[in-house]
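According to TrEMBL, the protein has these features:
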type	residues	note
TRANSMEM	B:6-23	transmembrane segment
TRANSMEM	B:76-95	transmembrane segment
TRANSMEM	B:123-145	transmembrane segment
TRANSMEM	B:157-179	transmembrane segment
TRANSMEM	B:191-215	transmembrane segment
TRANSMEM	B:235-254	transmembrane segment
TRANSMEM	B:274-299	transmembrane segment
TRANSMEM	B:319-349	transmembrane segment
TRANSMEM	B:369-387	transmembrane segment
TRANSMEM	B:393-416	transmembrane segment
TRANSMEM	B:423-443	transmembrane segment
TRANSMEM	B:449-470	transmembrane segment
Amino acid sequence: MKKGIHKKDPRFKIAEREAWIGIGLVLFNFVWWYGFAYGMGSGPAGEYTYIWGLPAWFFWSCVAGFAVMVILVTAAVKFMFKEVPFEENGEGGESE
Amino acid sequence: MKWQVIFPLLIFLIFIFLVGLWSSRKIDTGSSFLQDYFLGGRQLGGFILAMTMIATYGSASSFIGGPGVAYTQGLGWVLLAMSQVVTGYFVLMVLGKKFAITARKYNAVTLIDFLKERYNSRWVVWLSSLSIIIFLFSAMAAQWVGGARLIESLTGLSYLSALFIFAASVMVYVVIGGFRAVAVTDAVQGGIMFIGTMILLAAVVVAGGGIPNIISDLSAENPNLITPFGFDGGLTPLYVSSFWILVGVGVVGLPQVAVRAMSYKNARAMHRAIIIGTIVVGFIMLGMHLIGVFARPILPGIEAGDKVMPMIAMEVLPPWLAGIVLAAPMAAIMSTVDSLLLLVSSAIVKDVYINYIKPDAKEAAIKKLSFAVTALLGILVCIMALSPPDLLIWLNLFSFGGLEAAFIWPVVLGLYWAKGNRFGAVASMITGTASYILFHTFYPNALGMNTVVLPIALSLAAYVSVSLLTEKSAPAPAEI
């Protein structure tokens, strides 16, 4: 019964879009993390370059990668996420 | 005994205790006892939501076990640990508004309530209650042991009295305060974890003579320590990447984390929690594991990984400050234990007793039963922790992976895929958990990946194929 609610409730469309954004962010996060770690870190340790005293692969993958993710997550939430009421009657979504 | 270390810890325990008591006073004013006791009346704001998710997730292994392994493995293990940044945003984004709205529609108080309404099946309820009770009980015991060991090593008290102190300080506020007390104390504990990480990281860098100096010491000892491949080159990219499933995206399937995704007040709280959560969890994971690596040149030759964090704190900080910093792992353990205790209790009271044994139980009786079951569980765990099993991380990860493999698809696909049905859910839970146990026993780290990867793939295959095969005989879901 009521299978169609899935399509009718506009809030679910928003929710599904945001779930996809979450998956997209994870994929980006993984590629960044993997690319810098193994792209720059696979050579012999003697040939490493350093940033702030840390091996460059580690700095880019873990330190900068973390900062980039914080910025992207914040931007995604601020600009792409929508506020919707959770209660059936439309209350409870507005007040903080 | 080192009173200068013990004193701040003692103040911390008393403070948490008082916060717990204070936040539990509100419980009488709520309309529905169950909703209030097990879910805080769905009133969490953004900051508390972020903190309670991190604190529940961040446990003894983030503060004691993880840094201990990082001490041995070097920067490669910090790289691995950074896969956990994902948990800060992924869980809330994926379960997200759909879970919050659906849980309200179903009037679900526990994760199992949600599954019950979604699949309309006794088997799903029994299987999920059973796996929550068994796996989380063992996880709780492991954390309990960790907490008592930590107090033991810091204060010089006997294990027995340490266990008693730890148990008493957690149990009282959980039993009388329920979810709100757990969430509010989690927020305080999460704050302490954050500050503790910051202080200790700074102190370790200073004690090691600055980062360049520490890195060159490490590289002089063994160049592998500063590569992504571990001290003996054994950390392959595939193996490290597979932890993205175990401690990254798979966390969506952990009941103690998922239940928090239906506890928040409104969309704004969720948005704030995503941002705060990502920052805090990333900082704690990066900081704590770096501390483990940086500790190596300062205190070489520590054999037991679990001792690295307490020893380095005592080494590089004045005793009173070490006491404050060591409240951080204490906080991590307490905040995990309190959530697990309440969750197991909710599985017994709400999901088993009220669903199937006495559906018409009166509010007053439920209230008494909830307090009694929570207290009894606490005492039981305590007794189990008396003869402690040795492998803290092992037990912890075992319950972790088993639960993820059981719940991830019934929850996520249950939310987003209308064709998923009860047969698929049951098949997926059995396949996931059973294959996890089998792989763990007979073929750990199969194909060079963490053990959890294949069971999660198998349980996905089971969910989808069985749901499609039984499409005609299964009723459509109640509402999706």
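Positions of Cβ are set from backbone N, Cα and C atoms, glycine also.
Since we're looking at a predicted model, the values are computed, not measured.
Among B:123-145, B:157-179, B:191-215, B:319-349, B:423-443, B:423-443 has the largest number of CB pairs under 8 A with the transmembrane segment (B:449-470).
Within its own chain, the transmembrane segment (B:274-299) has Cβ neighbours under 8 Å at 46-47, 49-51, 53-54, 57-58, 62-63, 66-71, 74-75, 77-78, 81-82, 84-85, 87-89, 92-93, 190, 193-194, 197-198, 200-201, 204-205, 207-208, 211, 214, 217-218, 221, 225, 308-309, 311-312, 315-316, counting only residues six or more beyond its boundaries. Using a cut-off of 8 Å between Cβ atoms, the transmembrane segment (B:76-95) and the transmembrane segment (B:235-254) share at least three residue pairs, counting only pairs 6 or more apart in sequence.
Between the transmembrane segment (B:319-349) and the stretches B:6-23, B:123-145, B:157-179, B:369-387, it is B:123-145 that has the most C-beta pairs under 8 angstroms.
The highest tally of CB pairs under 8 A with the transmembrane segment (B:157-179), across B:235-254, B:369-387, B:423-443, is held by B:369-387.
Counting residues 6+ beyond its ends, the transmembrane segment (B:423-443) has Cβ neighbours under 8 Å at 115, 119, 121, 123-124, 127-128, 131, 398, 401-402, 404-410, 413-414, 451-452, 454-456, 458-470, 474 in the same chain.
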